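Here's the structure we're looking at; comments come further down.
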Amino acid sequence: MKLIIGLGNPGKEYSGNRHNVGFQCLSRFAKENHISFDKKCCLSRTGSGRINDEEIVLAKPQTYMNLSGKAVNQLLRRYNLKATDIIVVQDDLDLPAGKLRLRLGGSAGGHNGVSSIITDIGTKEFIRLKIGIGKPDARNNGAEVVDHVLGNFGGEEREIIETAIARAAEALACLITSGLDTASNRFNC
């Protein structure tokens, strides 16, 4: 079984934010695989299904981003899974908008949702699918970063992200069916 967690903030006011590309990717992946988020469990909206022979659970934590680890920890215990059984779909400021990167482990890279997961489950050894959202303009002080991640995508940027979300959903399917090495070789750009 694989547990796929999309990171984001709950609520309609956040749905189009850069910080919510994890939720957006999971929504697309769920739709393509006829999975609905029809359950509430472990501080999350969840749905389950199968990809080939692999059972999967999709989860969108309903905590705010900075508390995502609480939901992930509960989900791991509920399904009796290890950190190596999870895939976290997240936004990444350090990647140009639309770029994807799959990797196992590593630091949180300044992402508070990932930091919360690492703290609450006690390890950083889980797979991440990072979707680039780019950095705010030149000066990179705290207020600009917050405004950037909580801002919505505009015009041309929105088109780039829609394409990236579609590719990220493909990457998830490839990751589940063919493994990290194959998916990384195909989708890391």
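Every residue, even glycine, has its Cβ placed from backbone N, Cα and C.
Summary of the site annotation: Swiss-Prot records tRNA binding at Tyr14, Tyr64, Asn66. Screening the candidates Asn33, Asn112, Asn152, Asn185 against this entry identifies Asn112 as the one listed for that site. Cβ proximity to the tRNA site centre (mean Cβ of Tyr14, Tyr64, Asn66, Asn112, cutoff 8 Å) flags the following additional same-chain residues: Asn9, His19, Thr63, Met65, Leu67, Ser68, Gly113. Here the candidates are the recorded positions Tyr64, Asn66, Asp91, Asn112, and by Cα distance the one nearest His19 (active site, proton acceptor) turns out to be Asp91.
Once the Cα atoms of Tyr14, Tyr64, Asn66, Asn112, the listed binders of tRNA, are compared pairwise, the greatest separation found is 16 Å.
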